[in-house]
Amino acid sequence: MMFLSSSFCILLASALIARAVVYPNFPAADILRSGSTCHIAWAGDTASTTAWKDMTIELMTGDNFNMVHLTTVATGRDGTVDGTFDWICPEVIPNSAIYFYQFRSPHTPDYAWTTRFTIASSTGETTPPTNSTQPNGAPIPWGTGALKDPSTAVPPPVFPTTTTTPTPTTPVPTATSTPTNVAPGVVPGCTSFFTETNLLCYEIAQKFGITVENFEAWNGGADVCNALQPGLAYCVAARPTNVAPGVIAGCTAFFTETNLLCYEIAAQFNITVGQFESWNGGSSVCGVLQTGLAYCVAGPTATTPTPTAPPVSTPTNVASGVVPGCTKFYTETDQLCYQIAETYNITVDQFESWNGAGVCNVLQAGTAYCVAGP
């Protein structure tokens, strides 16, 4: 194993880790297949209990000095302990040994990477990498790939510029509501915007893990790249054309079905089955999933207003650490956090964010905890 700072990253035939914290140990130089379950494994950070608590895993491509984000694979993973994550490898172009995973966290400036691996076609076909050496002359075969369906890409998370001690938070969707400064030519149904700051088209495309062709199609055509205006908002993610019936308006991320079951999709995108059903037409959707259709895996940034409900009375036995404005309480009866989360169709992270960090280790029978936030 070789260790390098995140400002000088080299991907070799073994996983390289910035400042030796999280250790990715699978895949190595493996051949994976599009449409099949792809396994990711890592050894946890033993030096800190907080730095890698909310780890993100991203699928990347490109050379060592111009890495390109393709899609966010997982968020909110605990990198302080040994762990694994399984997902369905996407269809990519080309099917070469030019892909790798990037690991990062909002609580540390360090990065970690796997070595490059191959994503073959669904039937196992591969093609050689397009380049034999890195731009600096190092003998490492590489190339720049892309998702076959860019509309399925999940943008990279935006982390703060300073490192802070993590506290439990409710996941925030990456897309924004429609801004008032939208550029002319932006397509209807755009789900995420970027306000131009003198970047070029290819720089915007790299930043959001899309292609220049995607950006042009969503923003008025090929001429847009010659007429970008600072201060105007351009589209960097749009609703795909193969959206399944029943998908809600305002969905901010999509997944094209590849014979997965609802619980597998939910696990892959770190959501609950209940959320998936609510964004895709209700509880019946899990029985009628259709291969090739795009389903919603991240809801709108703002919820539809609902009629005002009567005020929720706060019980007298409420636990310390419960957030103000809780709208529903549960009195503990010796259940574990994951059991409470399943009962109330929430995530463990949500439960912790409403009841205080570390609450899952100190649950007290007879005490009331929050199961629906403000």
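A Cβ is built for glycine as well, from the same backbone N, Cα and C atoms used for every other residue.
Residues or ranges marked as signal peptide by TrEMBL: 1-20.
Feature annotation from TrEMBL assigns region 'Disordered' to 123-177.
Within the same chain, residues 31, 33, 63-66, 94-98, 142-144 sit at least 6 positions outside the compositional bias 'Polar residues' (123-136) and bring their C-beta atoms closer than 8 Å to a C-beta of that stretch. The compositional bias 'Polar residues' annotation in TrEMBL covers 123-136.
Under the heading compositional bias 'Low complexity', TrEMBL lists 160-177.
Annotation source TrEMBL lists domain 'LysM' at 191-236 (among others).
Among the features that TrEMBL reports, domain 'LysM' is placed at 252-297 (among others).
Across the domain 'LysM' (327-371), DSSP classifies residues as 18 helix, 8 strand, 19 coil. The domain 'LysM' annotation in TrEMBL covers 327-371 (among others).
When DSSP labels each residue, the compositional bias 'Polar residues' (123-136) comes out as 0 helix, 1 strand, 13 coil, counted as helix, strand and coil in that order.
Residues of the domain 'LysM' (191-236) grouped by DSSP class, helix first, strand second and coil last, total 20 helix, 9 strand, 17 coil.
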